[in-house]
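Here is what TrEMBL says about this protein:
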type: REPEAT; residues: 118-148; note: repeat 'PPR'
type: REPEAT; residues: 222-256; note: repeat 'PPR'
type: REPEAT; residues: 292-326; note: repeat 'PPR'
type: REPEAT; residues: 424-458; note: repeat 'PPR'
type: REPEAT; residues: 494-528; note: repeat 'PPR'
type: REPEAT; residues: 595-625; note: repeat 'PPR'
type: REPEAT; residues: 626-660; note: repeat 'PPR'
Amino acid sequence: MSKLCKISCKFEPKSIKNGVTQSCFRFFAVSSSLSSAHHRSDEENYPTIRRNRRTQRHYLSKLLFTLSATHYKEIHTQVILSGFGSNPFLNNILIQSYSIRGCLVYARKVFDKMPKRDMISWSSVITMYTQNGVYDESLLLFAELRRSCKEGEGPNEFVLASVVSCCGRLGSIVKGEELHCFVVKAGFDQFVYVGTSLIDFYSKVGDVGAARRIFDGLLVKSTATWTVIIAACVNVGKSEISLQLLRNMLETDVVPDNYVVSSILGACSSLESIKGGKEIHGYVLRRGAEMDVTVSNVLIDFYMRCGKVKTARSVFDRMEVKNTISWTTMISGYMQNSSDWEAISMFRDLNSLGWMLDRFACSSVLISCGSVEALELGRQVHAYTVKAKVDSDDFVKNSLIDMYAKCNSFGDARKVFDIMGDHDVISYNAIIEGCLMQNRLYEAFDLFAEMRDNLILPSLLTFVSLLGASASLFSLELSKQLHGLTIKFGFSADMFVCSILIDVYSKSSSIEDAREVFIEMNEKDIVVWNSMLFGYIQQCENEEALKLFLQLRQSLQKPNALTFVALIAASSNLVSLLHGLQFHNQIVKLGLDFDPHVTNALIDMYSKCGSLEEAHKMFNSTIQRDIACWNSMISTYAQHGEAKEALNMFEKMINDGLKPNNVTFVGVLSACSHVGLVKEGLCHFYSMAGYGIEPETEHYVCIVSLLGRAGKLVEATEFIETMPIPPAAIVWRSLLSACREAGHIDLGKYAASMAISIDPKDSGSYVLLSNIYASKGMWINVKKLREKMDSNGVVKEKGCSWIEINNEVHLFIARDRSHHQTDLIYSFLELLIQNIKGIGYVPEDTTFSNEYAISKNTVIQAVVDDQNDN
């Protein structure tokens, strides 16, 4: 056999693939001199080509890469049998061929048996291991290469780029930095392949600063170099920097590929940067790349994430070629933007075209069906998932649970959960959330216990859901147990969890625990501040809320609309018009005066502070009046005894086309109750059914109060006893209050016994009955009732009063001596009591059994007022 000097080559892939025999024959036709007869036959049909060694490698590579692994093995055998087993040129091609087909073991055997290896051999086998994820073996071979190199020799740029890439994928910082030093020392730091690999390495180990320094130091940058640094910035959230890098790239001769464009659009999505995204979109249009389906899909995703649904649809409609991802992105985008019917409509379009949806599209449609409570549609999609064979996917199953729960079909949701094979944290979260939607609070906690028994670690969402449930149960002990678990699983520092904990403790009347959570937080966003503000207000610690606002102003956080809703509520509770006016001014300065929640809070504040005219002005200045705004104004008139105005406001609201809700009727019925409009009140009560509103406890209380104030105690009692729902304690207390005003002992005792049986710890029922006894001079009964309160552990809430003087609120509680001017106040109080007795003041002792305690609270504000005037 002669040396490879002539190549008579027929390169026709179809004919090559006809059989192993032909493949082997053509290989040897290239790699050796054929017989003269065969050579002449080839010359008749194909031109004889003389090429140098590079041309030989090119043709051999193209020829071999079209064959299968089986062909390689047979050719490999023929190479050995023909005496070419030691030829490095053929062996290198065999290594590359085996590598492409994933035959790593055979490629390594060829490499190990080579008597002489050149740098291509080392580069081929190291790159093979790197590309196939065997990074440790690549590094071991690199170490062997360095040991085998003679002085003055060393690895080339391709080997170095490959092993640096291995370090990045292994996260081996020390080894990567050692290689970096070797690269600089060997003078390869300006080679674009090596530089790009170093940028990628530092990006993968989280040192984007080092990656950027290497990038800036490179004199020549390829598209891959720009792509790696841009992707690195996107991955660590430096979206603005990635956008600027793209702008810099466009100023060079390097053309960004589709991957770069997609990465940048992802950055714009995370920033919700419409301007940046449109800039990229414009570039795509100018270079005519929008036809690429991948870029178009990313554009759709970008516009959907930014809430530009119509623009996303426009991009979708202009696509000449669409794939499953295109449809899935549109459906998911519609769902994320609450365009649920559009998502369902697109699902129908896709189904009619004969496309098969993937699991993501099916999940999105199921979530949309749940959001609009379209149970039948949801069942159809469920059937489709079975047909498409994606019903076994956990993602789809979790969406099915969510859909059925939102559609009030919890039984189906539970069935889907129960038939699931292995439950994970996502499936448990879905069914727990479903339980909470259906108010199955105890079942949710049972599932959580089952989840822990199955050794499934809870997620952040698990605790968020369960903490909300514990708040609904007003269970302090349960809330503390969950708090402990959040610490155990490392979620206690999460601001969202902390804000929920503050809310839970506040609702459970444990404001100290809420305050402790707040104080221990290192970072606080405005949501956390608002949670603490509302916590104070819920527990009637309005002064603390005002003090907390002063701390908020000293922080870097900017108050939002909800902040001022809380502060206005505190001003309302304190009946502090001055504070309310100050907050109103700040609201106007910050441009929050058009927020409907703020407007409604201001109306309520002015109402409670006695400024009915300002409340009316606030209402008239509101541009968009929602139902809450109308309700606030109706309640304002009702509280001030302006029943006629309240009812007129109700009629105006109806004429404006707004549908009343349950809160509306509380205001209307209260207005009727305050002025004794029995007939009108009952008429409005029974009209609720026409609006599809089921009367609640508050409405029944209003009617009992209405009948009681009109002296119709028997009718009120019959009304309670015929209620379609079990009467709450407050309903009986309303009747008891009416009995106190009428002095009706027997009916009062009956009402009190019913209220106490329902809520034995509430002091209000005892106090009202005690006042009835006192009004009749039945002091022995008063004493016995007080003894019963003590034996049952019932504590009467202490009376309190407050006054605002010189922008400072002074709070006074019965028998409390915590005020800083206590001694002066009480000494002056004794003098005032003697003076008012001297001029004929006689306290009304028919309702109070302790004249001294009450009289002190009666005059204490006058004392403070006098002291401040002096």
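Note: Cβ is positioned from N, Cα and C throughout, glycine not excepted.
Just so it is clear, the model here is predicted, and its values are computed rather than measured.
In the repeat 'PPR' (222-256), the DSSP tally of helix, strand and coil residues is 25 helix, 0 strand, 10 coil. Sequence-distant neighbours of the repeat 'PPR' (424-458) (same chain, 6+ residues past either end, Cβ-Cβ under 8 Å): 394-395, 397-399, 401-402, 404-406, 408, 410, 413-414, 417, 465-466, 468-469, 472-473, 478, 485, 489. Nonlocal intrachain contacts for the repeat 'PPR' (118-148), taken as residues 6+ away from its ends with a CB within less than 8 angstroms of a stretch CB, comprise 88, 91-92, 95-96, 98-99, 102, 104, 107-108, 111, 154-156, 158-159, 162-163, 165-167, 169-170, 175. When pLDDT is averaged over the repeat 'PPR' (118-148), the result is 80.
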